[in-house]
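Undergrad: In case it's useful when we look at the structure, here is the feature table from TrEMBL:
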- Glu313: active site, proton donor (ACT_SITE)
- 37-152: domain 'Beta-hexosaminidase bacterial type N-terminal' (DOMAIN)
- 157-485: domain 'Glycoside hydrolase family 20 catalytic' (DOMAIN)
- 1-22: signal peptide (SIGNAL)
Amino acid sequence: MFRVTCTVAGLFSIFAAFALYAAVPSQNEPVLQEELPVFPTPGKVGFGEGVFMCTSAVRIETQGVKDPAFVSEIRNELKQFRTSATRKKGAIDLVLDSTVSIPREGYTLVVTPDRITVTASALPGLFYGKQSLLQLIRYNHGTIPACRIEDAPRMGWRGFMLDESRHFFGKQKVFQVLDRMAELKLNVFHWHLTDEPGWRIEIKRYPKLTTVGARGVWEDSTTAPQFYTQEEIREVIRYAADRNIMVVPEIDMPGHACAAGRAYPEISSGGKGRWKDFTFNPAKEETYQFLSNILTEVAALFPSPYIHIGGDEVHYGNQVWFTDPQIQAFIREKGLADEVELEHYFMRRMVDSIVSKGKTVIAWDEIVDAGISPDKAVVMWWRHDKPAQLRKALDGGYRILLTPRLPLYFDFVEHPKHIYGRHDAYTTLESVFRFTDTLAPMWKGREGQILGLQANMWTERIADERRLDYMTFPRLVAAAEVAWADPDQKNYNRFLKKLPVYLHDLDRLGIYYYDPFDPARRPEPWGPDQGATPPE
Ligand code: ACM
């Protein structure tokens, strides 16, 4: 019954299928005529005859789904469409069937004029089928063209990192971030919870980490403590799990440890001036015990099999290591050649501590030099200007997560007219969309080592929700496209054609964004590098 074709070929048959669709009153919303408004772009799409008309009377049935709330968003979405004599009632079936050969996060979605059927072999796939269905209902204003979608992700790890140390956004904002991630079929929330300005996670054994260490933000060290209690963290983890999102905590060490050092100076060391307390003291047994105790609580709190322990940029603030007699004696006693070997010794011990707690380590790409078994650690390649480090990680047999600063650090501004934030380069929507095109030859033949990718939001220059949204959207939509869509289906011009639908939905939700079609229309929100408070 269906002309099953790839998305590109589907364009030829699409005009007939959309004749009715395009005639639906648009309520001033953009109407697409040549692309299904599903983000990220699904794998195979074919078109049939006619349309499915949504009404509040559509029956929703499930097979194999235990939680009755699983369909509540669909029911809510359908409420807005009134029933009439000319609109058929129709049905929506959501089928979980472990015997079908569909990948765990994949699904098929079949639309006929009478019925919509979403099928998956596992709950994550059915959840993603539901996301696509919700988009089809919402973005097509209830009139869905008959079609068949067969969809599954390109990459297993589709992440977003939020730095809440430099600025703290709070639980409600995190819930909203998780909602947007789920809609875009992103499945890992990397939570950067500790760094220089603030320690943001309650650790029961060391209360000063939050009473003292959670005080301050990037531009003001005197603000009242802001942090998540363990109960709040459990709530976020549950909220994320309901949306097929794993939460991976990062406890950065041995560098970026100023907040902990202010709270517990006895385990701190570091650099000079602004780098004081930048590192934990790697020559004290009590430091290892302190961190191991923290990680025991972290491991118990987060169900994720991974804990991220940073490991980046230690040289920024370890000058004291070179003169401190105790540290120098420790280097000699352990037979280490120098301060760099001491850093690697520290990482090896902490990796072993985490592995003993039943978790796998993730660390920034500096860890590749530390002589750690690739069974124990996953590498986040962040230094786009050091492709040799990626090659070394590949040669070393490590599993790799792609987070190259350019173009996946979203604190870089997008446009030459932007005046706040990181300016030394631009991270445009197109550069995000295309980034694997040029890099992929680097891991040709070793695709199995690339677990996926992640966009990272560092927040030194992002002090409020409005700027956070502006820096996130729509680049996160492009990152999701790279992580999910079949590279053969990716097409930037087609992506741009359907993007206004997504932007319009952000308007509905009150989420501010950068408008790639008309950058001047939406001014860049204030950034804290222009002063501690927004200009009047
Ligand atoms: C990093 O950006 N320092 C990982």
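Positions of Cβ are set from backbone N, Cα and C atoms, glycine also.
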Undergrad: Please report the DSSP secondary structure of the residue listed as 'active site, proton donor', reduced to three states.
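TA: The residue in question, the residue listed as 'active site, proton donor', is coil (DSSP, three-state).
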Undergrad: Tally every other Cβ atom lying within 10 Å of the Cβ atom of Glu313 (active site, proton donor).
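TA: Summing over all protein chains shown, Glu313 (active site, proton donor) has 14 other Cβ atoms within 10 Å.
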Undergrad: Where DSSP helix means H, G or I and strand means E or B, what are the helix, strand and coil counts for the domain 'Beta-hexosaminidase bacterial type N-terminal' (37-152)?
TA: 29 helix, 41 strand, 46 coil
Undergrad: For the domain 'Glycoside hydrolase family 20 catalytic' (157-485), would you mind checking the mean pLDDT of the predicted model?
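TA: Its mean pLDDT is 96.
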